[in-house]
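Taken from Swiss-Prot, the feature active site, thioimide intermediate covers Cys190. Annotation comment: Swiss-Prot describes Asp197 as active site, proton donor, evidence class sequence analysis. Annotation source Swiss-Prot lists substrate binding site at Ile90, Glu91, Ser92, His229, Glu230, citing sequence analysis. Taken from Swiss-Prot, the feature NADPH binding site applies to Ser92, Lys93, Arg258, Gly259.
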Amino acid sequence: MTLTTTHIADPSHASPLGKATEYQSHYAPELLYPIPRQLKRSELGITDANLPFVGEDLWNAYELSWLNSKGKPVVAVGTFRVPANSPNLIESKSFKLYLNSFNQSSFDNIAAVSATMSRDLSAAAGSPIIVTLEPLSASPLASIGTPDGILLDELDITCDRYQPEPALLATLPGENVEETLYSHLLKSNCLVTGQPDWAMVVIRYRGKPIDRAGLLRYIVSFRNHNEFHEQCVERIFSDIRVRCQPEVLAVHARYTRRGGLDINPFRSTGDYAAPDNTREIRQ
């Protein structure tokens, strides 16, 4: 099976998003809809051949089920790690529909399900995807927490920009610092449907002190912006990198779930490892 991207100016508008959907309950890998990352990266002056970051998109799936060889349902949670250097991202509704197609499909064991998903998702993304499935019968654990850093949200600021405004970003005089700043106020909208997407965003860096009030205004400026989760994080990373010129930088966002999935993009200059999979309270 070969999955290819649709050759139109913006394939996101040909995706299942915002369209009436017939749900399939038998295995259907053709439901996966890849979208080239380069389409939006070009707006930022980024090329796939010379990425300024490393990272991944960590997906958590909370509504996974299939049948065992005797027809008895199995339920599980799953994580899917999509590398940031994959040629394509996977459109989220198509991902949900694909996972739903396992509901009435029979597999001998969980390893067979994992291998099938890894094969299909890797073909769609154009790079190897790491799949981890945990049946609920094994009592998988999850943790909820907040970053070890400084919350920006109590700053008493005035906001009047609701489209991304890189000019709001600036550094302050002084010695270099290394710190983690975070906010729960990131809100953007789906590129296709306009539905609101809510997230916590975490910025870790080393360099000249970033003006915190300006950073929070910048985060708020995404409020009416239409873009996929992964693209928003890359835009934030790129704008901070250009405007503030930190020595090292990492940007991580944890978006609330939709359709049984949440997406948690992470981008870094390579000096900071991806954080563990601790949920934000709204997840």
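Quick reminder: no glycine exception, Cβ is built from N, Cα and C everywhere.
Reported as a whole number, the C-alpha separation between Glu230 (substrate binding site) and Cys190 (active site, thioimide intermediate) equals 11 Å. On its own chain, Arg258 (NADPH binding site) has Ser92, Gln195, Asp197 as residues at least 6 apart in sequence with a Cβ closer than 8 Å to its own Cβ. Each residue contributes its Cα atom, and for Ile90 (substrate binding site) and Gly259 (NADPH binding site) those atoms are 14 Å apart. Cβ neighbour count for Ser92 (substrate binding site) (all protein chains, 10 Å cutoff from its Cβ): 24.
Long-range Cβ contacts of Gly259 (NADPH binding site) within its own chain (separation 6+, distance under 8 Å): Glu63, Ser92, Lys93, Lys96. Cα separation, Glu91 (substrate binding site) to Cys190 (active site, thioimide intermediate), rounded: 11 Å.
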